[in-house]
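Have a look at the structure below, then the notes.
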Amino acid sequence: MEGQDEVSAREQHFHSQVRESTICFLLFAILYIVSYFIITRYKRKSDEQEDEDAIVNRISLFLSTFTLAVSAGAVLLLPFSIISNEILLSFPQNYYIQWLNGSLIHGLWNLASLFSNLCLFVLMPFAFFFLESEGFAGLKKGIRARILETVVMLVLLALLILGIVWVASALIDNDAASMESLYDLWEFYLPYLYSCISLMGCLLLLLCTPVGLSRMFTVMGQLLVKPTILEDLDEQIYIITLEEEALQRRLNGLSSSVDYNIMDLEQELENVKTLKTKLERRKKASAWERNLVYPAVMVLLLIETSISVLLVACNILCLLVDETAMPKGTRGPGIGNASLSAFGFVGAALEIILIFYLMVSSVVGFYSLRFFGNFIPKKDDTTMTKIIGNCVSILVLSSALPVMSRTLGITRFDLLGDFGRFNWLGNFYIVLSYNLLFAIVTTLCLVRKFTSAVREELFKALGLHKLHLSNTSRDSETSKASANGHHKAL
């Protein structure tokens, strides 16, 4: 009887493993297909010759697609876990959701951590070096020579990083046990290195997310149509048409010798045509789109941002009075045993919305920073090197998103897998400082955003605008050619 029970338990374990593997494969296949279409939309179209460079580009494309799919999986990891917990709590005995269990959730977290390490430390460096390689001098040119050079560069890079981490560990924690633990490559070194990368990703999110939260209002203002209050669109279209005709006549009258003037006029003419198109779009927009959608979206963005700041403020208070609020505190009741929010399913849905909102804001803020402004991909005109850089950046941001969401108190879901093993998550001063900086920087960015027009008018009234004391933001620059077709005014 015991033998039959043991065989039955083995069969159930085997079937559950096969089922979980199939589900993980299907989910990743969907993400890979979507990522492939996204990258091919921005990738620069090259000729269809089957030469050596084409093969290298194709391999780099597949590796970049794999990395982007892993990034998407890391973004969806925490929302999927939160909604799965609520579903298991609401329907514990439902036959059709038996595949959704704690083992599957833990497996997804472990796979996300494993693939993130693989992409960050192996695949993306390989794709970059493989793309830039030409083969060592004296060897026969070809794919094998480029692979050999790439492998040698990866080995040298690994030795360099190993030495840097070893020196950093010796400076920070000069302990014999700590030094010996670095010999354990799989159990300590890679998680330690990934912990450092995660901390850098969280710091990058701390820089990008507040900027993105304030920038989201401008971005949505460019995508939507503002209400037409005391504006005559017909008159504006008539004026812009006259300006377009005047520029066209000036362009036709110039000789080909003054190239710089022709280029400036062509750029100005292109801007005028774009502005005219957007004015015509505003005119064709329905009254519902103008007067209802835009205010509703702006109010929704303001509510989401305010809730995020309030949750961070509440988390700061919890950190001061309750040590279990730490991201690396006591373990929770487990998946499917208790709700993560006092408001049940509604609270879980709100957490998911805020997590996605923070991720979108962080990406917008990342591309809004001047240092990363050149990383913005262009449709059908983005090189593979820039695609690799974008994929690495998105991977770092998405891998740090669950950690940031738990650190800021956006959700109470415990970090699983290697995400919960980061040492710095147990440091009270680091976590508290992170929450304080996020709340302060976000508040300052929002205040700066909503008072920019007033500050500009005050500087103009005092005559200080000539001294460039008012740092004209990118919002005011883009508003001149925004989707609404009119200038920002007080």
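Cβ coordinates come from backbone N, Cα and C, glycine included.
It should be emphasised that the depicted structure is a prediction, and the values quoted were computed from it without experimental measurement.
These come from TrEMBL:
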{"type": "TRANSMEM", "residues": "20-39", "note": "transmembrane segment"}
{"type": "TRANSMEM", "residues": "59-83", "note": "transmembrane segment"}
{"type": "TRANSMEM", "residues": "103-131", "note": "transmembrane segment"}
{"type": "TRANSMEM", "residues": "151-172", "note": "transmembrane segment"}
{"type": "TRANSMEM", "residues": "192-213", "note": "transmembrane segment"}
{"type": "TRANSMEM", "residues": "292-322", "note": "transmembrane segment"}
{"type": "TRANSMEM", "residues": "342-367", "note": "transmembrane segment"}
{"type": "TRANSMEM", "residues": "387-404", "note": "transmembrane segment"}
{"type": "TRANSMEM", "residues": "424-447", "note": "transmembrane segment"}
>> Should anything in the same chain at least six residues away from the transmembrane segment (342-367) have a Cβ under 8 Å from its Cβ atoms, list it; otherwise answer none.
In response: 75, 78-79, 82-83, 85-86, 90, 204-205, 207-213, 215-216, 219, 304, 307-308, 311, 373, 375-376, 393-394, 397-398, 401, 404-405, 410-411
> Between the stretches 20-39, 59-83, 103-131, 292-322, 424-447, which wins on the count of C-beta pairs under 8 angstroms to the transmembrane segment (387-404)?
Replying inline: 59-83
>> Could you check whether the transmembrane segment (20-39) packs against the transmembrane segment (103-131) - three or more CB pairs closer than 8 Å, residues at least 6 apart in sequence?
In response: yes
>> Should anything in the same chain at least six residues away from the transmembrane segment (59-83) have a Cβ under 8 Å from its Cβ atoms, list it; otherwise answer none.
In response: 27-28, 31-32, 34-36, 38-40, 43, 105, 108-109, 111-112, 115-116, 119, 123-124, 126-127, 130-131, 335, 340, 348, 351-352, 355-356, 359, 384, 387-388, 391-392, 394-395, 397-399, 401-402, 405, 411, 413, 416
